[in-house]
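Below is one structure. I have some questions about it.
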Amino acid sequence: MELQLTGKESGWWIVSHENKLWLPKGELPQGNAANWSLQGATARQIGEWQGQAVWLIRQMMSTDMGSVRQLLDVDRGLFQLAGRGVQLAEFYRSHRYCGYCGHQMHASRTEWACLCNHCRERYYPQIAPCVIVAIRRGDEILLAQHVRHRGGINTVLAGFVEVGETLEQAVSREVLEESNIHIKNLRYVTSQPWPFPHSLMMAFMAEYDSGELRHDPKELLNAGWYRYDQLPLLPPPGTVARRLIEDTVVLCREEQFDDGE
């Protein structure tokens, strides 16, 4: 339930608008609302972190509006809560009116949803399922530079799940479309909420099966096989892509050690 802040409330403050996040001094604000001049603002608690409430305020600040990416190097749990806040703020902003009848909607008091009193339609935040996979061939891992990535970062392959397909089918399809290779021994590893803008990354590892590597220029600038101890610039720590790469490196080292014995 939303409330108007008196200034005495305390916790972590997620102030967000249009997928931007208020980060004074590059950090997520913490402490009393009055210390950040937030009294009078409308807030809603969206979780807890380290025993303190996490509050969402849906508004634009005049300065220090940044990206939730800037919190990647903080604790994973806090990054996820910040991502939740940014996604919820954008959800409420984009669902002020019902898509069926055009009447104004209001936020539910019991769940993350927007309700229409006129036609009784109910809307929930959109979550886009994505698959991401690390592919190993002996002591090498397949890495690529995506056209949308900056700074020369090399990462593993990923893509959105299409309507009517399983996660496993999505992995195989994306790999074939982007690299022209087939994979085998696919296994699930972990997942990560990814608020750019509203994805849920489901991570896999797989082994090379067949096919000649040929990247899709519409998706990738280049792609190649890299030995596990000669890797290029990688995604930052805290990303599920980095986790997959590091797990693959561990496997390669273990196999090399076993072969050495």
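Using N, Cα and C of the backbone, Cβ positions are placed for all residues, glycine too.
Dumping what Swiss-Prot says about this protein:
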type	residues	note
BINDING	Lys25, Arg69, Glu111, Tyr124, Gln192, Pro193, Trp194, Pro195, Phe196, Pro197, His198, Ser199, Ala241	substrate binding site
BINDING	Cys98, Cys101, Cys116, Cys119	Zn(2+) binding site
BINDING	Ala158, Glu178, Glu219	divalent metal cation 1 binding site
BINDING	Glu174, Glu178, Glu219	divalent metal cation 3 binding site
BINDING	Glu174	divalent metal cation 2 binding site
DOMAIN	125-248	domain 'Nudix hydrolase'
MOTIF	159-180	motif 'Nudix box'
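Please situate the listed features within the shown structure.
Neighbour list (Gln192 (substrate binding site), Cβ cut-off 8 Å, at least 6 residues apart, same chain): Leu200, Met201, Ala203, Thr239, Val240. In three-state terms derived from DSSP, Gln192 (substrate binding site) belongs to an extended strand segment.
Taking the Cβ of Cys98 (Zn(2+) binding site) as centre and 10 Å as the limit, one finds 20 other Cβ atoms among all the protein chains shown.
Neighbour density for Glu178 (divalent metal cation 1 binding site): within 10 A of its CB lie 21 other CB atoms from the protein chains shown.
Secondary structure at Glu178 (divalent metal cation 1 binding site), taken from DSSP and collapsed to helix, strand or coil, is helix.
Long-range neighbours of Glu174 (divalent metal cation 3 binding site) (same chain, six or more residues apart, CB within less than 8 Å of its CB): Val131, Val133, Leu157, Ala158, Gly159.
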Where else in the chain does the motif 'Nudix box' (159-180) make close Cβ contacts, counting only residues six or more beyond its ends and a cut-off under 8 Å?
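For the motif 'Nudix box' (159-180), the far contacts come to 128-131, 133, 135, 142, 144, 186, 188, 199, 202, 204, 206, 211-216, 219-220, 223.
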Could you check the binding-site residues Glu111, Glu219 and say which one's CB has the most other CB atoms within 10 Å?
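Sorting the candidates by Cβ neighbours within 10 Å, the top entry is Glu219.
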Can you name the residues of this chain that are 6 or more positions from Phe196 (substrate binding site) yet have a C-beta less than 8 Å from its C-beta?
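Expected: Arg69.
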Fewest neighbouring Cβ atoms within 10 Å: which of the binding-site residues Cys119, Ala158?
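Looking at the binding-site residues Cys119, Ala158, the Cβ with the fewest others within 10 Å is that of Cys119.
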Where the record says Lys25, Arg69, Glu111, Tyr124, Gln192, Pro193, Trp194, Pro195, Phe196, Pro197, His198, Ser199, Ala241 bind substrate, what is the longest distance in Å from one Cα to another among those residues?
33
